[in-house]
Amino acid sequence: MAESSRLVAAPPAATAAAAPKVRSDGEGGDGTSTDTIMNIVNIAFGAGMLGLPYAIQGSGLVSGTFGLGIVLLWNFFCCSLLVKLRKEVLIARAEAEKGTSLSADLGTPVSFAAIGSYAMGSVGTILVYISVVVTLLGAATAYFINANELLRATHFYLNPGWSEETAMYVNTFIYMCLMYPLTCIKSLAPLSRLSLPAIVALVAGFAVIIKLGLEMYGWPPMEEVLSWDALYIPQTFDGFSTFFGVAAFSYGATIIIPEIQESMANTEEFIGALKTSLWIIWSSYSVLGGVALLIFQQDGPVSDNIMSQLPSDSLAQEPLLLFITMATLFTYPLAMQPVSSIFEQALIKAGFGQASARVGGDDQRYGALTAAETGTDPRSPKEEDGESHSSGELSPALRYGLRAALVLFTGVCATIVPNFGVVITLLGSFSVTLGSFVLPPLFHRVVFGERLSSAEKTADEVLCFVGAVTCVFTTTTTALGVLRGE
């Protein structure tokens, strides 16, 4: 199919004249490389880190450590494909601007959904939305579940004699009230200021729990470590599925990589920032997760949330659990930003938007109208009537009301869904794997087509196939385990 067939219909002359220039790869938001590293690391550390000892227990310590490295390389490769795809969309927009058929989405940021639409039309958009919405709403729900699990044993958990169910509802509502204002922040860059203390709190929390574990159990004798049955390989299919699900979830920033890159002042620095953040994540996961597992497995299987194994009589328990809870909750707005934008664009498409001359300004960095969001198929021919899809933005009241509704939804889900470990395993196995490991090579293969070498074509096809098989297998295995009550 010719490249020109990917372009959307031309807008009226007035709209075309007012459309801003397409952003180059040297232009972005106001975030620095350090901001980007902090955001990616905090997204990963936010919840996945707490389940890592539990996940590595299912895979075997040695194979789990190498497995985390394999998932890292797989993740980096797929992120790199998304960076290439983002640039391809920008090039197509620039070519459209020079031609006679201008696009209504020129100058707007390139979202994952826009990449999916450019590659596969409405099918690509739907696949992206399934992955992004399920993953991020699920992750946000997991943060509330984690807060309830950790704070329940402390004085920070409000319960003046209520039933356990009532206390859970009240405390979840408190978390919702704390998080809602942060979900209304328009750019991810300022949230990186919260990322550093959150990361420090999580790493410090692991250090404390390792210290307390050594005081209680000591370091396991070397002969016991080397003879440990689960040291090298997964013992069951369930164990492998748990490991992969948590590992995939722990590297789950892939699905919002385009948004994170858009937040940078110089997007050319993104790959370097991504490499640094992934190596920080892998080394931290391997060392902290592995050491915690070796220590606490002496007392039996480790919990799906390692922080729940803190001794109740420890002086460090209450402040540590509070800091860990706040650290994970600070990741909540990072997860909610892209989801909010998706639903905002759906409302705009439905006619709830108000006219705006600003297309692609800072206020729409994560929700600017593109062919994907407006429902325009980028492969469709020019519309005969010459009219474009209307653009605009939601009124402040509707915008903030929508975000309040999404926060309420995650809060309600947190009171009825299964435990923390099951949630992140299912999310990692299904929606994260779909968005992180299946769609990027699929879109790359479709968009670049015959421009790829034989080796590149094979790599895309193999990775897409392996990702799809892994997604189906691990999701099915985990779901069957839940149904069996395991």
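Including glycine, each Cβ sits where the backbone N, Cα and C put it.
In TrEMBL, annotation is done automatically, which means it is predicted and not curated.
Copied over from TrEMBL, here are the features:
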COMPBIAS  379-390  compositional bias 'Basic and acidic residues'
DOMAIN    31-476  domain 'Amino acid transporter transmembrane'
REGION    371-394  region 'Disordered'
TRANSMEM  37-56  transmembrane segment
TRANSMEM  62-83  transmembrane segment
TRANSMEM  126-146  transmembrane segment
TRANSMEM  166-184  transmembrane segment
TRANSMEM  196-219  transmembrane segment
TRANSMEM  239-257  transmembrane segment
TRANSMEM  278-296  transmembrane segment
TRANSMEM  316-335  transmembrane segment
TRANSMEM  400-417  transmembrane segment
TRANSMEM  462-483  transmembrane segment
Folded-back contacts onto the transmembrane segment (239-257), same chain, C-beta under 8 angstroms, at least six residues removed: 40, 43-44, 47-49, 51-52, 54-59, 64, 67-68, 71-72, 75, 78-79, 82-83, 112, 128, 131-132, 135-136, 139, 230, 274, 278, 281, 285, 337-338, 421, 424-429, 432-433, 435-437, 440, 470, 473-474, 477-478, 481
Positions on the same chain near the transmembrane segment (316-335), where near means CB under 8 A and six or more residues out: 39, 42-43, 45-47, 50, 136-137, 139-140, 143-144, 146-147, 150-151, 153-156, 175, 178-179, 182-183, 185, 188, 191, 194-195, 197-199, 201-202, 204-205, 208-209, 212, 307, 310
Any contact, the transmembrane segment (196-219) to the transmembrane segment (37-56), with at least 3 Cβ pairs under 8 A: yes
Surrounding residues of the transmembrane segment (278-296) on its own chain - C-beta under 8 Å, 6+ positions past either end: 37, 40-41, 44-45, 49, 52-53, 55-57, 61, 64-65, 68-69, 72, 75-76, 203, 206-207, 209-210, 213-214, 217, 219-220, 225, 250-251, 302, 306, 309
Two-stretch contact, the transmembrane segment (37-56) and the transmembrane segment (166-184), at least three Cβ pairs under 8 Å: no
Positions on the same chain near the transmembrane segment (400-417), where near means CB under 8 A and six or more residues out: 137, 140-141, 144-145, 148, 168-169, 172-173, 175-176, 179-180, 183-184, 336, 339-340, 343-344, 347, 394, 423
